[in-house]
Amino acid sequence: MKINQTVLEEFILVGFSVYPHAQTVLFVVFFCLYLLTLTGNLTILSLTWVDSCLHTPMYFFLSALSFSETCYTLTIIPKMLADLLIKYRSISVVGCGLQMSAFLGLGGTNCLILTFMGYDRFLAICNPLRYPLLMTNMVCGKLVVSAWVAGFFISVTETGMIFRGSFCSPNLVKHFFCHMRAVVRLSCLDSELTEFIVTAISVSGLIGTFLIIILTYVFILSTVLRIPSAEGKQKAFSTCASHLTVVIIHFGFASIVYLKPEASGGDDTLIAIPYTVITPFLSPLIFSLRNKDMKNAFRKVLGKTNSLNK
């Protein structure tokens, strides 16, 4: 039975305080990665907006993913960077709940948008004749809205379960942000049952969306292998390479965070870095560098800028 059931008004984020000599280096590294992440996502959003050649469902989903990931990083990284520079790393209980809800909601939204991107590639390759009829602008918009609604419905449900009761002292969250597994352990209620339920919900969503993506790629692969020309196969694979790479990185790092057994040990703070910092950094980089249309659009913008300057 837990004791010290006081009404807590704030939490202390332990985070990187256990590595006092590395905080300056971590701040510089994370700050640079954050700037590059914002630059990459804003570049994708700008290019898909100004270049009419990118006004297609594939790039609509890509811009939606970039916007979602920009919001995702805003919920975590600025607070983390500020905490690396100060000694008293506190966050109010209300602020913690809002941060947790936003983090879980945007994480779920990202998973669903990646799933819809796989579905889009499935229709384009496996059913090309009906693709313009099936993947209209209206359908794309509804899919993105449904990703946001579903992601935040689940996140609000999980956050409500965690914050439905009071929290026990000490108010130390052993993480650099309000991660649900770190916060739920401070609950004065049956924290083990709540942790199991919210973790099961997150893991089910993670595995479910990943399996759907894998299933779409099974159908895509079977269709591509039936294409007679090598050039046709290469073109089909090239449209999926960036998405598949991001999917592997995204779900791979997420599985380390959510599928890690409780008794396996390890620092949860360090384990969460790839999922919260590195994945959002790599995603726009992969979609930009491995995509000819994006690079061509970037060259067009540079050409117009140079001509205007002259």
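Just so it is clear, glycine is given a Cβ too, placed from its N, Cα and C backbone atoms.
Among residues of the same chain six or more beyond the transmembrane segment (25-47), those with a C-beta under 8 A of the stretch's C-beta atoms are 16, 19, 54, 62-63, 66-67, 69-70, 73, 77-78, 80-81, 84-85, 277-278, 280-281, 283-285, 287-288, 294, 297-298, 301. The transmembrane segment annotation in TrEMBL covers 25-47 (among others).
The domain 'G-protein coupled receptors family 1 profile' annotation in TrEMBL covers 40-249.
If you look at the transmembrane segment (59-77), the same-chain residues 6 or more away from its ends with a CB under 8 A from one of its CBs are 30, 34, 37-38, 40-42, 44-45, 48-49, 99, 102-103, 106-107, 109-110, 113-114, 116-117, 120, 137, 140, 143-144, 147-148, 177, 276-277, 280, 283-284, 287, 293. The feature transmembrane segment is assigned by TrEMBL to 59-77 (among others).
Panel annotation: around the transmembrane segment (97-119), residues 58, 61-62, 64-65, 68-69, 71-72, 75-76, 79, 91, 143-144, 146-148, 150-152, 154-156, 158-159, 162-163, 177-180, 183, 202, 205-206, 209-210, 212-213, 216-217, 243, 246-247, 250-251, 254 of the same chain, lying at least six beyond its termini, place a Cβ under 8 Å from a Cβ of the stretch. Taken from TrEMBL, the feature transmembrane segment covers 97-119 (among others).
According to TrEMBL, the feature transmembrane segment maps to 131-154 (among others).
Outside the transmembrane segment (196-224) by six or more residues, the chain places 104, 108, 111-112, 114-115, 118-119, 121-122, 125-126, 154, 157-158, 161-162, 180-181, 184, 233, 236-237, 240, 244, 247, 251, 254-255, 258-259 with a CB less than 8 A from a CB of the stretch. Residues annotated as transmembrane segment in TrEMBL: 196-224 (among others).
Per TrEMBL, the feature transmembrane segment maps to 236-259 (among others). Beyond the ends of the transmembrane segment (236-259), by six or more residues, the same chain brings 58, 107, 110-111, 114, 117-118, 121, 124-125, 199, 202-203, 206, 209-210, 213, 217, 220, 223-224, 227, 271-272, 274-275, 278-279, 282-283, 286-287, 290-292 to within a C-beta distance below 8 angstroms of the stretch.
For 271-289 (among others), the entry in TrEMBL reads transmembrane segment. Beyond the ends of the transmembrane segment (271-289), by six or more residues, the same chain brings 30, 33-34, 36-37, 40-41, 43-44, 62, 65-66, 69, 72-73, 76-77, 175-177, 179, 242, 245-246, 249-250, 253-254, 256-257, 260, 295, 298 to within a C-beta distance below 8 angstroms of the stretch.
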Looking only at the domain 'G-protein coupled receptors family 1 profile' (40-249), report the model's average pLDDT.
90
